[in-house]
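Okay, so here's the structure we're looking at.
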Amino acid sequence: MKTVTVKDLVIGTGAPKIIVSLMAKDIASVKSEALAYREADFDILEWRVDHYADLSNVESVLAAAKILRETMPEKPLLFTFRSAKEGGEQAISTEAYIALNRAAIDSGLVDMIDLELFTGDDQVKETVAYAHAHDVKVVMSNHDFHKTPEAEEIIARLRKMQSFDADIPKIALMPQSTSDVLTLLAATLEMQEQYADRPIITMSMAKTGVISRLAGEVFGSAATFGAVKKASAPGQISVNDLRTVLTILHQA
C-alpha cells in the first residue's frame, strides 16, 4: 500500500497521525488560536473554515490561511469546509463550496483539502484533478452524525472515494450501540486488507466509539483527531492523552 507524504509527514505507516481542528470565528481568533496550537503535540492542522464568519470574503479567508501557514510553517495544513448536512456550522451552495476549495488550492497556502464525497460526482472528480494539478492532496470524506450503516456500505463508500482518486478516504460515523463500533472496525480492517491501496481514516464517534480513535494502527486507520481545546466532534480526547496511548500501542 502506498503512503501519502505531506511536507515531512508520512501518512500510512507507523502510529496513526494526530489531526487537530482549529475552529476560529474571525481573523483575530485565528491568530490567537494559532499561537496556542503551536505549542501542542500534533501532526496535521485542520482549519475548519465553516466556523469562520467572514466566509463570503475570499481575501479574508486567505488572509487567515496565511496566518496559519506563517505561524506553523512545518505543519501540514488541511483546509476543511464541513457542510451543515454533514455536521458543519454553515450551509452554502455546491457552487460556493467548490469555489471556496478552488480558491484555497490556488492560494498555495494549503497542503490538503477536505472534499465531501456526496458533493456531486462530477464536481468531486473535477476538484480532485484540480487539486492534484496544484500539488494539493485530497482527504475525501463522509460523516453521519446519526447512525452507522452496514459494513458493506461503509466499504462501498471508502472504495468509491478511492475510485475518485482521493489521496486519503475518510469516514466518521455515529454508533447507536457498541456493536456499531465493531461494525466500523470490521469494515476498516476489511477495507485495509482487501481493497485499500492508500491510507484511510475511519472513526466511530461519541464516547462509545472512542476505542476506534485509539486502535487505528491495529485495524487500519492512518490518522485520528484529538482536541487541543474544544473538541470538533463527539468523542475526541486531548492530544497529549492521545499521543501517549498511540505510542503505547505502537511500541507494544
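From the backbone N, Cα and C atoms, a Cβ is placed for every residue, glycine too.
Some features that Swiss-Prot has for this protein:
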| type | residues | note |
| --- | --- | --- |
| BINDING | SER21, GLU46, TRP47, ARG48, ARG82, ARG213, SER232, GLN236 | 3-dehydroquinate binding site |
| ACT_SITE | HIS143 | active site, proton donor/acceptor |
| ACT_SITE | LYS170 | active site, schiff-base intermediate with substrate |
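Counting Cβ atoms from all protein chains shown, the residue listed as 'active site, schiff-base intermediate with substrate' has 27 others lying within 10 Å of its own Cβ. Across the structure, ARG48 (3-dehydroquinate binding site) and the residue listed as 'active site, proton donor/acceptor' are spaced 14 Å apart at their Cα atoms. With the fewest other C-beta atoms within 10 Å around its C-beta, GLN236 stands out among the binding-site residues SER21, GLN236. Taking only the Cα positions, the spacing between the residue listed as 'active site, schiff-base intermediate with substrate' and GLN236 (3-dehydroquinate binding site) is 16 angstrom. Reported as a whole number, the C-alpha separation between TRP47 (3-dehydroquinate binding site) and the residue listed as 'active site, proton donor/acceptor' equals 17 Å. Neighbour list (HIS143 (active site, proton donor/acceptor), Cβ cut-off 8 Å, at least 6 residues apart, same chain): ARG82, GLU86, GLY87, GLU116, ILE171, ALA172, LEU173.
Between the binding-site residues ARG48, ARG82, ARG213, the minimum number of other C-beta atoms within 10 Å of a residue's C-beta occurs at ARG48. The binding-site residues GLU46, TRP47 differ in how many other CB atoms lie within 10 Å of their CB, and the one with the most is TRP47.
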